[in-house]
């Protein structure tokens, strides 16, 4: 009789969850995920375009400037920006689950402690950038290009520090599901960046130095705008009582999760840069590198778009796990996967339909366009796989699976993908196609790993782990009372303050 009663209770709970829109695939959850993903697309694109616009304006100076800025952008992404993004990925877990558990003081502790850690790390990155020309000489780059690239990298250091503060602040709002401040600040920074970059590069004759400085000013403007929103947010009251002990304990939790998070993100990011370097070793390196660059750019633009769904999935999964709602967390996962699949179909069908003409967006050379057309089917498969991979990576960050993701990235890309790509490219004579097939297989392996982990996960157990993580060392933390906070009032408080000022 006891077993029967338990079964009845379980069925009643599932029926109630279904009525509340918490079935394994619910329209309500899809609306939540998509409503957050839409503005995050604008945020991601706005931040992505800052470096692209500076590169385009520098490219119109002369061919030498374009080469130097392109190489510097690639190396600074590998040695700096990618690491910051990777470390900040730990906050997707920590801040999101803390908000779900209503431990609001911990959100501020995690945010501030991560800022301190990342700022200290930035100084070591800056030293590397000061000697960028020496690093480029190791790869036998042209001395003049190396000097210009080093000069651009040095003047990009202020942008690195601004970007370092921007990432935790973005996670601070994202973990609460507040997207309006992110949308306004990133769009405002982009609108400022375009004329300001033009002014520095062309009118004031700063050249590539102006292109680098404009990125720094734009990042710091974004940080300033987000700080204003944060200063007048409801959660700011919970952050005023933070002490040294709380910051140290939060710092330990952050570092423990930040290292595997950086491993998970950076190893995948770096593999594409290695792909580009390998294409330069081919006989017709100019053609091969051009086509691989076109594919990488197309894939990067698509990833910026689909990663917004992953960010939304990360937020909803972490919030629900922190709140102990394991069924809602699973519903968020399934809804995000469904939306990612829809986006994958639309993108791949569109790209394949225009496979004979999309290359003209990047080049007027018929040989380049013809080669791009040949590699498009492989690129479409890669984009299809990466659409689901971006979503499941977001689920992994929200669930705290960064360590699994790090090992998956290491094994799939560096033990399988890159060696296989080299074999297909140079031994089987498939050239650039072979390189891209290797990366495609690596992405597929990583996707399978994430899919298996997600499918066989006990979400009720994950919810328990999340709450254990959040409430770790909670007795020492002041200001973690379960205060009822309505996140929608954050923006309203700021607007009221502005209205009173005016």
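Every residue, even glycine, has its Cβ placed from backbone N, Cα and C.
Note that the structure is a prediction, hence the values are computed from the model and not measured.
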262-282, 472-492 - the one Swiss-Prot records as transmembrane segment: 262-282
Recorded stretch, among 68-88, 182-202, 208-228, 375-395, maximising Cβ pairs under 8 Å relative to the transmembrane segment (291-311): 375-395
Positions on the same chain near the transmembrane segment (375-395), where near means CB under 8 A and six or more residues out: 92, 264, 291, 295, 298-299, 302-303, 306-307, 309-314, 317, 333, 336-337, 339-341, 343-345, 347-348, 351-352, 355, 358, 401, 405, 432-433, 436-437, 439-440, 443-444, 446-447, 450-451, 454
Contact call for the transmembrane segment (208-228) against the transmembrane segment (143-163), three or more Cβ pairs under 8 Å: yes
Stretch among 68-88, 143-163, 436-456 sharing the most Cβ pairs under 8 Å with the transmembrane segment (262-282): 68-88
Segment-segment contact (the transmembrane segment (68-88); the transmembrane segment (182-202)) at 3 or more Cβ pairs under 8 Å: no
